[in-house]
Amino acid sequence: MASDVVARTRSSGVTFTPPTTHDMVRSLFDPTVRKSFLEICITLALLSDFVFCYWGLQRFGLTSMKKAFLAQYLFWRLCYNLGIGVALHLQSRYETWTNYAKRNHVFTKGNHTPLARFCQFELKTKMSEGYDMYSQPEELNVWLLFRQFVDLILMQDFCTYMIYVYLSLPAQWSAMLNWRTGLGVSMILFNIWVKVDAHRVVKDYAWYWGDFFFLQESELVFDGVFNISPHPMYSIGYMGYYGLSLICGNYHVLLVSISGHLLQFLFLKYVESPHMEITYGSESSDDNSQINSCIDDLIATKNYDYSRPLINSGFWVNNFDKLRFTDYFTVGTSLALICWLFLERPSVKLLFNLTFFTKFVTSIVVCSILYLQSSQKWFTKLYLKNGYTQVYSYQQWQFIYNFSSCLTYTLLFIQTLAKLFDDNTYIEYTQFIFGLLLCAVQTWCNAEIRSAISDFGWFYGDFFLSNYIPTKSLTSHGIYRYLNNPETILGVAGVWGTVLMTDFSWENIALACLWSGCNFIIVKFIEQPHMAKLYGDNTRVGGIEKTLQGLGPWRRMSELMDRVENVITKSLTNQQEPFDKGLEKPRKDIKSVNNHLRVRTNSQEWEEAVEDAIGNVTSKLYPDCKFEIEDLGEKSFILPRPITIRWQVPIELFDEDAWIGLYNIIQTRSNSKTTKVSSSGHWSAVSPNAYKGYESNNLAVTEFEKNDTVACGKVTFDSSLLHFKPGIYEFRYHAGNSHNVLCTSKPFELLLPNLDMETPEILNKQLLQLLTSVSAVKNGKFDSHGNRYFTTRIFQRLVKDSLGVELSTDYINRVNGDIGAISQRICHIKKVLDDLE
């Protein structure tokens, strides 16, 4: 502890300057540092452990000494977690030890009681000559003595554990020449770095729980290892336990290590965490930490029929709704599969194939829904156009996602279980326990993710209900403080745990690779692009990534990977450029125009294409023939405006059975002399009495004259003959009762009317006028039989192309074509989709 730090007592507020102190290892083993009586005793106690081990091995044998040191380790571990825990709890709540020292004047000069003499002697021998214990507050003196007992317990705890591990090593050193030793040594080295870096950050003050006694008036910068894991001294600070267990290859050591680590977590939960909340308040989160939870509440408040979704949480489910059938279906399916395993005993091969196929298919379904929802709002539109609400579509997605998760993990569970009970599978207990630990890590990771982003984030709510997000910023609290995408690695830890449990069976390796690949695809190619689009390109940097970026070699490797990614991206972009540039070249014939129109989608490019087509295509006429469209000055017609064609042909070319057809130029571009496609009823006679039985086609003839030299007339295509699909069309005059083309008009464009969606009432009025003009209204409702060319499908297309809103046939039929209800629905859908943008 630095001498320039200012501290103050917790209750009285007395300020003082703490003396310089040293860490545990230097205090005990550095010969240049003064040693107190207790420190000498601690050192002798540690040496006695080794002497006792050597003597005991000679006298009692290996098995007895392993039991003896296991008992010692358990004793000292309980002294640590229970003894120190109780002492700190009393000090935190009641300041028991400092108050005792004050009441009994333990550090008062002239007090000759045995306790006071011993405590004062201990501090005098420990501290430098310049330290005046009588002028310092009792809180500091008690803490300095408390450190001595902590040193004894912690060093004995460590020493007895290490001796127990040593006694559990394989008899043959050659048995340790494997991958487990390499991984174990790496974990031990990592553990050492964690402890050293943690002490660099918190110093002796926090290492010895100084804030239980007094408070420092300084800001600690929690960087380094504190960016990697929550409570690193209690979590990853015990990685060495598992590294030593791997090296030993003894599951007894692993179980002892797990027990010791578990006791440490209990110490954290019941001693440290409550004190932190009392002293510093609950852990502060970023301003957006509660946004997702608030969104869940907002959804439930605004939608009275909404209830929290069922969520798979390992071997249990949360939010089970007794009145929701899908919950029974999900749970029932999982239970049925487990019963099937025990009753039918399916083969391992069948279970593997079924698990692999199910995971593959459900991943495709989930990825497809998320991708289409992100790019097109497809899933929401699917339900909106069928008369359902936005939140209802989200509820259906929640069921799909959770059911897929339950189904695949249930199948993985029974597949692993069947593999374990297979006669050909060797169960190595150490690997099996490590596999269970990985499953526990995944369960913990999922719980932390849900705690950080709530149900809304767990079910990708920002894909479906982005309009419910009040502040669009990514959360950086909880597990997301350390990992940017924790589900990518820790989210499949349990799946790789099954690989360890089954002794690296190829089936479970294949399943783990599939799980990891699917997770990677969702995060890298779907989730990250969507997050960038919704929240901006300022990506969140996790604590682990931030720490690694501070390391030179890792930073250079990261820069190299970024360059490779940029090269790949640019190469893909350059391959696309020639195609894009080709679209910009002018089209000089009608075939090029149509290819051009297929690609161009926005309105400006569409208008340019129309100009290109009309400007470069002339009507094709026989000599002395006339074939003109009236009022073609604007080169376009807004539906359902009637179109009149004036025609004239020499008498020798005229035939009473001649007719005029309306075609999309994309269909007729291949042949200008013969029409090879059907007009599908979009045709008119040129003579009023030519085609008996085709009344609507004859009624289109408005003028007809014939003399000795020419025949001429007018034909008007109204809503009963026009196409209601936007595009570029042409009229063709056919000679006689054939498909031989005599005349072709100039191309023109058919456009949909612009409807006003300012209010449902205005839209209702305009729709009613439009449908009346095309004879598709009966009793104020849409009548799909009123105009054979204005069917329900055409009405859907009109609404989609003109208003950008889709309605399903089922919905239109459900409301019986009610224009008012349809108008209300269109405005609602449009508002929802606009809010999602």
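Cβ from N, Cα, C; glycine included.
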Membrane topology agreement for ASN292 and SER347 per Swiss-Prot: no
The transmembrane segment (323-343) and the transmembrane segment (397-417) contact flag, 3+ Cβ pairs under 8 angstroms: yes
Within-chain partners of the topological domain 'Lumenal' (1-36) [C-beta distance under 8 Å, separation at least 6 from its ends]: 42-43, 95, 122-123, 125-128, 131, 136-137, 139-140, 144, 147-148, 151, 154-155, 199, 203-205, 207, 210, 213-218
The transmembrane segment (174-194) in contact with the transmembrane segment (236-256), cutoff 8 A, at least 3 CB pairs, sep 6+: yes
Intrachain neighbours beyond the topological domain 'Cytoplasmic' (418-424), with Cβ under 8 angstroms and 6 or more residues off its ends: 341, 346, 348, 351, 501-502, 505, 507-508
Stretch with greatest number of CB pairs under 8 Å, the transmembrane segment (506-526) reference, 37-57, 149-169, 236-256, 350-370, 425-445 candidates: 350-370
